[in-house]
C-alpha cells in the first residue's frame, strides 16, 4: 500500500485537486468550508500544469488517461476564468449595464471636493446603455449644498429622469439627511411590474437585496431583469484587537462562513424567481463570490453567463483585486451579441459590465 502511494503520489494529488475544487460548488450548509475551496480553485488549477508535464515526460501506465483527465479539467476551469471572443456584427435589441457604484464615493475623506463622484456620474450620464442595474446606489434629493453640491447626488434625476428613463430605486436604508441607499434599476423601456426583496429580513446586510422589474423591451416582448447584491464578506477594519494570530484567523474564517451561509439563502430565493418567471430573464449584479462557487454553479445550471460566451481576457471586475464577482446571466430565449468589462472608469472599486442582447 505504501509503495502504491509513493509510486502514484502525483496522480493522487491531481485527483485530490479535482475533488477539492468541486467542493467549492457545494452549498455552505452541506459543506461548511465550501467557499474557502471556491476561493483557492484557480490555484488548484495551476497545480495541473506541472502534473501534466510530469505525465508527458514519465509516460507511466495509463498516462493517456490521466493526461486527458488533466486537460479536460483545465479546459473546464479556463472557460470560467479566461475567454477570447469576437463581438457579433448583428444589431442588438437592448444593452444592460451592471455596476456596483460604491455609493458614488460620497465620503469626502476619500474623495476631495467629490471629484471622483462627479467623474463617475458624468461618465454614466454620457453612457448610452438601455438598462442600468446599480448596486450600492445612493440618492439624495437636493436639500443643502453641503451634502449635495450642484445636486450631483440627486442621482434619480441625473441618471434617470433627465435622460427620459424610467427609475426604480426604492430605499433599503435612509439616513439622517434623508439620503437613500440600496439598489436601482433604470430603464429606457417601460417598467410594467416591479418588486423589492430585502435580505435584511433573513439576516443579511441592510443594503443587500434584489430588485425585480418586468421591462417591455418591444411591443411583443417582455424581459424580467433581476438586479441583485448578495451578501459580502465583512471583515474588520484593522481596529479590532486580537489576543493572537489564531484568534484573528479564526474570526476571519467564521465571518467568511457566515457570509456564505447567508448568500446560500439569498441564492435560493433568486433561483426560485428564475424558475417561476414567465419571461426571459437577465440576472445581474454583485454576487460577492468567484465563478467557482455554489452561487455561480447554481445560476449557471438555469442560465447562460455573458462572460463565458462573449468575454475577453480574465474579465476581473474588482479594481484592486484579481476577482470576477460581478456577473450577467441570461435565459436561452435571449441572444448575446457582445459583452464587455469596462476598466476605463476607476471611480468605484468595481468595474461596470455590459451585455448586448436580442430576443430570439
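Numbering starts at 1 and runs along the chain as displayed.
Keep in mind that glycine also has a Cβ here, set from the backbone N, Cα and C atoms.
Listed in TrEMBL:
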DOMAIN    97-350  domain 'Endonuclease/exonuclease/phosphatase'
TRANSMEM  35-53  transmembrane segment
TRANSMEM  62-82  transmembrane segment
TRANSMEM  94-110  transmembrane segment
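Here the transmembrane segment (35-53) has Cβ contacts under 8 Å with residues 10-11, 13-14, 17, 20-21, 23-25, 28, 67, 70-71, 73-74, 77, 81, 253, 256-257, 259-260, 289-290, 292-294 of the same chain, all six or more residues outside its ends.
Taken as a whole, the domain 'Endonuclease/exonuclease/phosphatase' (97-350) shows an average pLDDT of 92 in this prediction.
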